[in-house]
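As recorded in Swiss-Prot, the features of this protein are as follows:
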TRANSMEM  5-25  transmembrane segment
TOPO_DOM  26-63  topological domain 'Cytoplasmic'
TRANSMEM  64-84  transmembrane segment
TOPO_DOM  85-314  topological domain 'Extracellular'
ACT_SITE  SER88  active site
ACT_SITE  LYS143  active site
Amino acid sequence: MANILTIFLLISTLVTGIFWSFYCIKSFKNYLINKKIINNNNFHQEKIEKSKNKTYFLKSLASFFPIFLAIFIIRSFIYEPFQIPSGSMMPTLLVGDFILVEKFSYGIKEPITHKILIRTKKPNRGDIAVFQHPTDHNINYIKRIIGLPGDKIRYDLHDKHIHICTNYSDQRGCEKKISINYSQSRSSNFIQKIYFSNKNNIKEDKNIYNSLYFDIVEEIIEDVKHSILLLNSIKNTKENYFQQKNMPKLTWIVPKGEYFMMGDNRDNSLDSRYWGFVPEKNLVGKAIKIWMSFDKNENEWPTGIRINRIGSIH
């Protein structure tokens with residue numbers, strides 16, 4: 001969907017740009033005629049009227065060119081709005097948040113192939129980034145950057161903590177262990193609905209659910225502090241996690257030019273723990289602000305506006 005919209009904007013900009021060029025040429029020619037700079041006795045009144053009609057038609061189409069051009073440039077190279085559709089980044093981002101993504105944060109890229117044209121700065125650990133899914137470029141995800149190229153990452157299933165060391169190699173091991181601290185967990189108002197069926201397995205039973213309350217924990221990775229949600233009442237197993245070649249499960253070494261992403265809602269997020277690393281070329285940009293927030297649940301209509309959520313993202 002993301003690439004389709006970009007291609008549509010590009011084609012629309014090119015087509016209206018052609019009409020805009022014809023309109024400019026036609027307008028200049030009419031200007032010369034009206035000033036009697038072109039001496040052409042074959043221009044009768046009827047032909048002049050037809051020329052005016054054609055000019056009006058061209059003007060109507062050409063008027064869209066500046067609009068499409070501005071949208072294409074801003075959306076492709078500067079800022080792009082996104083909507084948060086799921087709760088994988090709770091409590092930092094909620095369903096119904098509309099965010100602004102800075103497209104030039106990780107380099108100015110060609111909008112179709114995403115080849116980096118001008119490098120700006122590298123992604124930082126702790127950034128919240130929008131990216132294309134590694135295997136399906138039509139799907140955009142938003143997660144927090146946890147692992148940088150060369151990092152060795154270990155995820156502890158028991159306490160759900162992460163352990164990171166930088167510039168790992170088989171010969172010298174880790175260069176530096178990243179400081180990661182966790183607060184004591186406390187109860188929160190965030191709820192995870194667990195759906196189930198009754199004995200008769202009736203279709204309407206999709207509306208029957210039990211609710212589990214998330215615990216909230218402060219996670220501090222070096223100097224980046226943020227909150228994460230955990231379902232401590234649920235114990236995960238290793239089976240579904242991504243296993244890197246020649247590595248034990250739950251331990252990964254981030255390849256060169258790739259990144260390890262995780263959602264802040266740790267027990268309700270499909271991320272690099274499940275499908276692997278994200279290439280740098282897949283990074284769309286850095287999420288910087290919430291510009292609108294509707295009070296809504298997933299797959300439901302909004303019931304209000306959350307003005308207090310508008311502002312910067314941390």
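Placement of Cβ uses the backbone N, Cα and C atoms for every residue, glycine included.
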Original post:
Looking only at residues six or more beyond either end of the transmembrane segment (64-84), which have a C-beta under 8 A from one in the stretch?
Top reply: 6, 9-10, 12-13, 16-17, 19-20, 93-104, 108, 111, 130, 140, 142, 284-285, 287, 291
Original post:
Quick one: what's DSSP say for SER88 (active site), helix, strand or coil?
Top reply: coil
Original post:
Could you tell me the C-alpha distance between SER88 (active site) and LYS143 (active site) in angstrom, no decimals?
Top reply: 8
Subject >> Residue among the active-site residues SER88, LYS143 whose Cβ has the most other Cβ atoms within 10 Å >> reply: LYS143
